[in-house]
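So that you can see what the record holds, here are the features copied from TrEMBL:
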type: BINDING; residues: A:Gly37, A:Ala38, A:Ser39, A:Asp43, A:Val69, A:Gly147, A:Asp152; note: ATP binding site
type: COMPBIAS; residues: A:286-295; note: compositional bias 'Basic and acidic residues'
type: DOMAIN; residues: A:34-204; note: domain 'tRNA(Ile)-lysidine/2-thiocytidine synthase N-terminal'
type: REGION; residues: A:273-307; note: region 'Disordered'
Amino acid sequence: MPLTFSVECFYIVFEDEIHQTIVENNLFKPGDRVAIGASGGKDSTVLAYVLSELNHRHKYCLDLFLLSVDEGITGYRDDSLETVKRNEIQYGLPLKIISYKDLYGWTMDDIVKAIGLKNNCTFCGVFRRQALDRGAALLKVDKIVTGHNADDIAETVLLNILRGDIARLSRCTFITTGEDGPIPRCKPFKYTYEKEILDYFSTECIYSPNAYRGFAREFIKDLERMRPRAILDIIKSGSPQQQGCQSKEHKLCKACVLLDGLNRGLPKLGVGRTKGVAGGDSDCEQQAKRPERSRSSLQGKHGNIDF
Amino acid sequence: MAAAAASSCGGAGCGPHCSSSASAAAVEDAAAAAAEKVGRLSLSRECGKCGGGAAAVAVAGGLGLCGECFRANLLGKFKLAVTSNAMVRPTDSVLLAFSGGPASRVALQFIHEMRCKAIESWDVSNSQALPVFGVGVAFVDESVLCSKPRDEIEMAIEDIRSIVSSLSTGVKAMHIVRLEDVFSTESEDGERRLREAVDMIGDDTGREDFLRCLRMLSLQKIAMENGYAKIMLGSCASAIACHVLSATVKGQGYSLPADVQYVDTRWEIPVVLPLRDCLAQELTLLCELDSLKTQQHLDRPSNGINSLVASFIKRLREENPSREHTIVRTAQKLKPFSFNKFSADGYHDFLPSRLRPKFQKVDSDESTFSEILCLMCGSPFSESELQNLESTKHKAQKKIDLYTAHCCQSCYFQILPAGENLNEHFFSLLPKLWTGKMDTISDSHSLLRDQIEEYLLEENDDGN
C-alpha cells in the first residue's frame, strides 16, 4: 500500500532515504573532495541541496563543489547556468564552469551547424563525460556525484537491451563507476524516483527532441503508472548477476575519436558501432575540408579510458 | 471452374474474364499487400536470391525474396534450429503446442514436412534401422475463461481440429485439453478452482502470467500422460523479444536467459523453440502466401504490462524492423543455465561429433541441474531468493510459509494474494502437480524437525 506524507514528513523521509543509500553503499569517506555535476536542472539542484544538508546534518566531513559544463547551447545552457550560479550563492558551494569551447574549440551550436540534428547527442554525451572528468581533475576532487535517478537508470537498462550493448548493460546499474580510474562517479539518487525529486522543472534541451532516449522514457512513464515498482525492477534486472558477459575495452578515448572526426570534417567517425581510429581513414579525399580548430592543452595523451 | 480455366490457358490468362490470370493477379496483389504490411524498406522488385525474375515479396538479410525463396529461408532457419540443437531424435515423439496462431501454424507445417521427408528417406533406406519421429499436437482449451458464445467457441475448436487433420501425413494424436483439467479431472471442480484462483489475483499482469504458467503445466501433463519426449513451442523471435522486455520490467533479469534458449530441460518434458530466429511478421506473411489457415478467434485481449510491452515493441519495429532480433541477441549474450542443454545421455547413438559440445557433460546418475525453480513459473532462483528460501526453511512453522518461499519474487508480488489467510486458500486451489512437490518437501522438513526437536533452541532461549 503506498504511503502518503505531509510535506514536512516527505522531506524527512526523502532525505533519510538518500542518507541510507549513501551510508549503505559507502559512497564517501570523511575528508573526500566531492564535485557535484550541476546542470541547473532539477536533479542536480536537488542533489546539491540535499548533499550539502546531509553533509552538515550527519557530519560526512566532505568538501563539496559544484561542477558545471557549458556545452555552448544558446538559449538553453546559458539559462541553466544562471540557476547553477544561484545555487552557488544559495548553498555556499564553490562553482567551477568548464566549457566545450575551452576544451575542444567547438560549442554544441557549432557542432549542430556542422553535423545537423542526427548524432549530435552522441557528441554531447561523450564530450560532457570527459569535460566532467577534466573539471574534476582541475578541482582535484576524489569523487564526482551526478543526479541520475531511478528513472534514468531504468531507461539506460532498457536502451542497452534495445541496442544490444551487453557490456554497458552490465555496468549501467552500478551505483559507483570508474573506481579503477582516476575519479570515480556515484549516483546517490539511484533508487530515487524522478517524481520524488523536488523542484521538478522540465526544461528539455532544445536539441534533444531527436534523442532516442525519449522513446524509452515514454514507455517507462507508462510503466510507472501501471506498476510503480517496475522502475526499480528494471534496475534490479539490469544488475549484473550473470557471469560470462564480456565488456570490451576501447583502445582509444571516444572523445578523441569524435573530436578528430569533427576537425577532419568526418562527423560520422566514431558514431555508432564503427571503430573509428584517429588517423586511420584511408580515404584521402575526405581529409578535413575545414581548418582544424585550435586545441586546448587539456586534449591529448591520456591513455585508455573505458567508458 | 477456376482450376479448369487455369489448365486450358496454362495460367497465362486468355482474356479479361480468365479466372486464371485474375487469380494469379489476386495472389500477387495479396502478396504485395502482405509485404506492405510487413513494412519492408527498399523492397527490390525481383528476387535477389534465385534470380528467376519472380517478384520479391519480402526482405531477408537485406535481399528481396520471392515467395519460394522466402519460404525456403524460413524453413531453413527452422531446420537449422532443429538439427543443430538436436531437438528431435529419431525415437522421439514430439508434442507440438498449437494455439491456432500463425507461429504455431508454421511450426506445425514445418515439422510435418520434416516428418514427411524423414518417412520418404526411411521408405527408400535399405536398413530402415532408425525409426521416424512421431508428432502429436496439443491445443489447450481456455474457453472457460472466454466470454464468447458457446457455439462460436465450438466452431473455433472444430477449425483447430480440421487444420490438424488436413495434414497429409496424420499426426500421432490430437489432444484438445481443457485448461481446468490441470486442477482436477472432474470438470466442475476444475472449473470452480480455476475461476476462483484467477479471481483471487488482483493484478492484470499477474493473472495473464498465471494462465501462462498453467498452460505450460497443461502441456507438461499431456506430454507425460501420453509418452511424449519433447514439447515444441511456436515461440518466435518477436514473442521472445516481448518476453525479454517484460521479464526485465518485472525484475526477472536473473532468470531471463533460461527462457530464451533453443532448449529448456528444466521441465519434466524438455521444451524446444525451433522458430526462435523467425519474426512474427515473417510467419504471418508465410501463412498468407501459403494459405495456411489459422484460428485466433479464441485469443483474449491482453491488459497490463505484457500488452504495454507489446505495443512498445510494435513501435520499435516500425522505427527499425530488425530491433526484435537485436533484443533477442542481447538476451542471448547472457549466460544460459545448465538446463539449457540436453544431457548427452541417450543422444550418443544419433549425435554427429560436431554437435557433442552442445550437450551437457553429466553422468546419468546426477541431477541435470542444481538450480531451485519457482513453484509456478519455473524461474531459477536468484541469490536473494535463495537466501530468503533458506531462512524460511529454518523458521517455517507452517506449510504455507514454505509454499510462498518457493515462489520467485515476481510471482510473489503479482500473483499471490496479499494476506496469509488468502494465501492459504489460494494454494489449496492450485494444481497438485505444483503443490504436491511442496508437500513432499514440507513433510520431509517436518520429519526432520521432529527428529531434532529436542535439540532445537527456542527463539527466546537466552542460554541459561
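Please read every residue number as a count from 1 along the shown chain.
Cβ coordinates come from backbone N, Cα and C, glycine included.
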Can you count the other CB atoms that lie within 10 A of the CB of A:Val69 (ATP binding site)?
25
Rounded to a whole angstrom, what is the largest C-alpha distance between any two of the residues A:Gly37, A:Ala38, A:Ser39, A:Asp43, A:Val69, A:Gly147, A:Asp152 that the record assigns to ATP?
19
Using a Cβ-Cβ cut-off under 8 angstroms and a sequence gap of six or more, which residues of the chain neighbour A:Asp43 (ATP binding site)?
A:Gly147, A:His148, A:Asn149, A:Phe189, A:Glu194, A:Ile197
For each of A:Gly37, A:Ala38, A:Ser39, A:Gly147, A:Asp152, count the other CB atoms within 10 A of its CB; which of these binding-site residues has the top count?
A:Ala38
